[in-house]
Amino acid sequence: MASQKPYRDYSDGELSPTSSTSTSSSNSLEMLTPLSPPYSPFDQEPYDPHESNRGILLVLLSQFFGSVMNLATRILETSFPEQRFHALQILFARQSITCVLVWVWLWWRSVPDAPWGPRGVRWLLVARGVGGFWGVFGLYYSLSYLDLSDATVITFLSPIVATFACSLIPSLHEPFTRAHLLASLVSLLGVVLIARPTSLFTFSRSSDDSYESVPSTPTARSLALPPSLTATPHQRLIAVLVALLGVLGAASAFTTIRWIGKRAHPLLSVNYFSSWCALVSLVALLAVPSVGGIVWPSGVVQWALLGGIGVSGFVMQFLLTKGLQVETAGRATGMVYAQMVFAVGWERLVWGSVPGVLSVRPWCCGLAAGSTLGS
């Protein structure tokens with residue numbers, strides 16, 4: 001078989017080799033001149049897996065910084081019994097640092113429509129800030145009475161609620177399948193296993209059901225930290241209920257970020273969130289006596305923990321917002337479940353503990369739901 005001659009462009013008026021030089025009819029020339037080069041798969045742009053999965057990778061990286069923030073919060077709330085920090089105190093410190101970083105960045109990069117954003121999406125930005133406040137408050141409060149990994153598992157409900165909400169918005173019209181519904185039921189089962197209400201769990205907790213009773217080899221860091229405070233069943237149940245309120249807040253934040261899309265810079269969304277959280281937490285610290293007012297850190301360790309919470313929270317919010325803008329809610333928020341891996345690692349590294357039998361079950365429920373959303 002004769003090899004095919006390479007394609008030649010005749011658009012400049014040169015006659016085709018298959019035509020006669022004596023023929024000058026324009027109609028014949030148009031029939032013999034190719035309109036476009038033949039299709040070749042090598043002419044297509046190469047597939048870039050990093051670009052196609054950019055949103056997912058950004059959300060995954062944000063979850064690492066989120067796990068660092070949760071770790072520092074857990075240590076600050078439970079490892080200093082002589083000076084306990086309320087969730088609103090830590091929230092105010094974190095969001096104040098985030099506010100400063102956001103405003104400096106907006107001014108330095110001259111972000112358009114800063115600081116309040118385009119007029120058409122300002123109401124969505126406000127909704128994002130309000131929902132984000134309740135989301136992070138629910139998480140911080142639950143960390144006072146729940147293990148880091150248990151509090152993280154409850155947040156696994158947020159992506160499912162956000163996916164369902166995005167399916168109801170006509171402009172997004174994202175799918176919510178039966179698999180998503182099954183994932184939501186599995187996650188709810190995991191939350192029940194964490195809460196362990198006495199009406200369902202009437203048996204006494206055995207020694208292998210808790211974190212503290214399954215110690216591993218102590219680490220240098222776990223020996224340096226004071227033991228975490230224990231919570232009563234009532235405190236544990238209240239913490240779970242507040243965490244569920246945080247799930248609704250976080251889900252509304254995810255949904256509004258998807259709804260805003262690329263109509264506003266990611267840092268404008270972070271600005272509304274951090275400003276609202278800092279304002280509300282400050283008012284609560286000053287107006288609610290039971291909160292205890294503003295408590296100043298004592299020592300380098302506490303200052304470092306607060307600073308780490310602020311910086312890691314800023315990076316997490318920026319990466320999460322950017323990732324949700326370029327990826328669907330189901331795929332992107334499904335990566336939130338990766339924080340379970342980080343939480344287990346921090347539990348082992350910092351407190352030198354491994355999960356008991358009953359503690360593993362809600363994690364399995366959460367990871368199963370996450371794999372469903374991420375697929």
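Backbone N, Cα and C define each Cβ position, glycine as well.
Listed in TrEMBL:
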COMPBIAS  1-11  compositional bias 'Basic and acidic residues'
COMPBIAS  16-28  compositional bias 'Low complexity'
DOMAIN    54-195  domain 'EamA'
DOMAIN    238-359  domain 'EamA'
TRANSMEM  56-76  transmembrane segment
TRANSMEM  88-108  transmembrane segment
TRANSMEM  120-141  transmembrane segment
TRANSMEM  153-172  transmembrane segment
TRANSMEM  179-196  transmembrane segment
TRANSMEM  237-260  transmembrane segment
TRANSMEM  272-296  transmembrane segment
TRANSMEM  302-321  transmembrane segment
Which of 56-76, 88-108, 153-172 contacts the transmembrane segment (302-321) most, counting Cβ pairs under 8 Å: 56-76
Summary of DSSP states over the domain 'EamA' (54-195), given as helix, strand and coil counts: 109 helix, 0 strand, 33 coil
Contact call for the transmembrane segment (88-108) and the transmembrane segment (237-260): at least 3 Cβ pairs under 8 Å, seq gap 6+: no
Segment confidence, the domain 'EamA' (238-359), expressed as mean pLDDT: 84
